[in-house]
Amino acid sequence: MDTSGHFHDSGVGDLDEDPKCPCPSSGDEQQQQQQPPPPPAPPAVPQQPPGPLLQPQPPQPQQQQSQQQQQQQSQQQQQQAPLHPLPQLAQLQSQLVHPGLLHSSPTAFRAPTSANSTAILHPSSRQGSQLNLNDHLLGHSPSSTATSGPGGGSRHRQASPLVHRRDSNPFTEIAMSSCKYSGGVMKPLSRLSASRRNLIEAEPEGQPLQLFSPSNPPEIIISSREDNHAHQTLLHHPNATHNHQHAGTTAGSTTFPKANKRKNQNIGYKLGHRRALFEKRKRLSDYALIFGMFGIVVMVIETELSWGLYSKDSMFSLALKCLISLSTVILLGLIIAYHTREVQLFVIDNGADDWRIAMTYERILYISLEMLVCAIHPIPGEYKFFWTARLAFSYTPSRAEADVDIILSIPMFLRLYLIARVMLLHSKLFTDASSRSIGALNKINFNTRFVMKTLMTICPGTVLLVFSISLWIIAAWTVRVCERYHDQQDVTSNFLGAMWLISITFLSIGYGDMVPHTYCGKGVCLLTGIMGAGCTALVVAVVARKLELTKAEKHVHNFMMDTQLTKRIKNAAANVLRETWLIYKHTKLLKKIDHAKVRKHQRKFLQAIHQLRGVKMEQRKLSDQANTLVDLSKMQNVMYDLITELNDRSEDLEKQIGSLESKLEHLTASFNSLPLLIADTLRQQQQQLLTAFVEARGISVAVGTSHAPPSDSPIGISSTSFPTPYTSSSSC
């Protein structure tokens with residue numbers, strides 16, 4: 001808070017404050033000492049604020065003189081002593097808090113709108129409408145009442161601006177809670193509503209606002225524009241304010257809840273952290289493959305150079321082996337870092353609290369085996385052992401002194417498993433979020449096996465070619481290294497001869513002209529034969545798949561065959577009709593029957609019939625074959641359309657039945673109300689009949705007494721004058 005009373009970094013919003021605050025900044029101290037005390041402010045014009053107002057209690061007229069005296073005394077003390085906000089902590093903390101504010105909720109700070117109110121709440125330009133808690137506290141405290149002017153203006157604001165601790169002020173707590181999601185120390189949020197859900201989760205529901213009692217006043221932190229950075233530091237380190245407070249004051253000791261900071265991490269942070277771990281794991285896998293391949297290449301170079309150019313005890317061999325050892329150490333470190341990232345991903349995905357939950361026996365065994373495989377490499381130095389073998393054709397024993405580096409060099413090719421891991425982590429199926437979501441819905445595990453299957457489906461020829469050539473070269477070099485100590489004739493120890501041996505073993509031919517002598521070479525040839533059998537089967541499957549027609553090609557082929565068969569059926573039917581006509585012609589129309597021509601046309605007639613039957617049979621087979629080509633998805637779509645149509649019809653039928661039911665109910669209600677209508681109609685007609693009868697009787701009596709002769713009716717009315725339902729118009 002600066003001298004104008006505005007919150008700059010608390011994230012709460014801008015609060016209007018009277019510029020006549022008795023706590024100026026350090027740069028305005030001399031001007032405040034020279035200027036005389038300001039006159040009392042005129043009564044403020046009442047405004048209609050956009051938000052609720054806080055109306056303090058107006059001071060009594062008897063207290064105005066004492067208030068002015070206290071104001072003059074405070075101004076004289078400020079002119080005599082150096083104006084700094086820190087020495088006023090004891091005075092500000094000794095002020096009593098209004099007892100109505102204790103154990104109240106945040107909604108209790110709102111007061112009804114009044115024209116005499118001076119603490120007007122207005123919506124802030126940054127964070128919306130916020131509550132000026134300091135004005136409310138000063139307005140309800142005795143000091144604010146004592147400093148109020150006679151006009152009821154803004155004199156109660158002349159107390160020094162204060163900021164409550166985060167635990168005592170709910171709005172400061174909201175701002176501080178929003179800062180931990182925005183990432184700044186006291187950085188205000190541009191969108192406070194974006195973190196409203198997190199703030200609701202962070203604050204306990206139903207907990208009222210707990211203010212400090214007068215015996216234990218809240219810790220007050222005063223800052224100016226120049227002390228903004230120090231104010232931010234004090235807010236995050238509340239214990240540091242004890243060094244600047246008065247000796248007789250005591251501050252409430254409350255700390256920020258560190259447990260909520262971990263629990264209230266939103267899902268966006270977890271997803272971002274998970275994505276970063278994915279990228280780090282992919283980079284670590286790439287670096288591990290690079291250093292693993294580098295070690296293999298240096299090992300091959302050192303083995304070839306030490307066999308033909310220099311010995312194992314030379315400096316060149318020692319330098320190359322040291323380079324291999326260095327690359328191996330780096331590789332082991334990268335593998336450990338890779339598995340560390342995997343454990344972190346497991347913790348994030350499963351919401352575990354402890355990383356030791358992910359360390360199962362299977363994972364520990366897998367990591368140990370991987371470390372053991374990658375740790376094997378030639379040790380710097382010269383180490384020998386005696387190797388005994390039996391020659392192939394002569395069966396004579398052969399004993400030679402070999403290097404230990406052979407045993408440690410050949411297993412280094414096991415590091416090539418890192419290629420499969422890199423292919424998995426760089427695959428679009430593994431990195432794409434949409435494919436992973438669809439795979440998760442279909443319960444598909446995205447592993448190396450799935451990636452290899454997709455590669456074999458997309459480009460089977462390329463995969464088989466690369467795998468076969470790589471296996472051929474590695475197996476040939478391994479056989480050459482294994483056979484070099486026991487091959488006096490330089491047959492299998494030659495690289496070209498070893499490639500010939502591996503090729504005939506890979507293709508399962510086995511001429512027998514070249515055979516390995518050592519168990520090392522025999523084991524390599526055995527593995528090569530097994531892999532060759534598998535690759536041969538894959539080649540046959542790939543070739544058969546390439547030669548097979550696709551569904552579109554099959555549909556086109558069936559359409560063309562059906563067209564040709566239709567033409568053949570027409571031709572066969574025409575031949576049958578032609579031969580039938582010719583037989584009839586030669587037997588019935590001609591005078592002289594030629595039996596040779598008749599037999600000829602009969603023979604052609606039978607051939608045409610058999611041809612027609614054969615073509616029809618081929619057409620039936622083609623139609624059966626075409627029916628088997630109907631896709632399941634197409635059938636499913638057809639069934640879906642039929643079911644949809646049936647559902648629509650059933651809905652229409654239900655609507656019609658509903659309308660019929662409503663009409664039937666209406667008719668039932670009409671029939672039920674019909675007796676009442678008939679009764680009402682009869683009652684009305686009876687009333688009309690009685691009325692007409694009375695009127696007719698009165699008229700007839702009047703006429704009979706004056707002019708008409710007496711009638712034969714006993715009541716004195718003629719039958720013609722008596723209205724009946726059949727003669728009276730009113731009866732209708």
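Even glycines carry a Cβ here, placed using N, Cα and C.
Ser168 is the residue among Ser168, Ser253, Ser650 that Swiss-Prot describes as phosphoserine. In terms of DSSP secondary structure, the region 'Calmodulin-binding' (562-638) contains 69 helix, 0 strand, 8 coil. Note on the transmembrane segment (406-426): residues 281-282, 285-286, 288-289, 292-293, 295-296, 299, 303, 331, 373-374, 376-379, 446-448, 451-452, 455, 474, 478, 481-482, 520 of its chain, located 6 or more positions outside it, place their CB under 8 angstroms from a CB of the stretch. Packing against the transmembrane segment (455-475) from elsewhere in the chain are residues 413, 423, 499, 502-503, 506, 524-525, 527-528, 531, 535, 538-539, 542, 545-546: each is 6 or more residues past its ends and has a CB under 8 Å from a CB in it.
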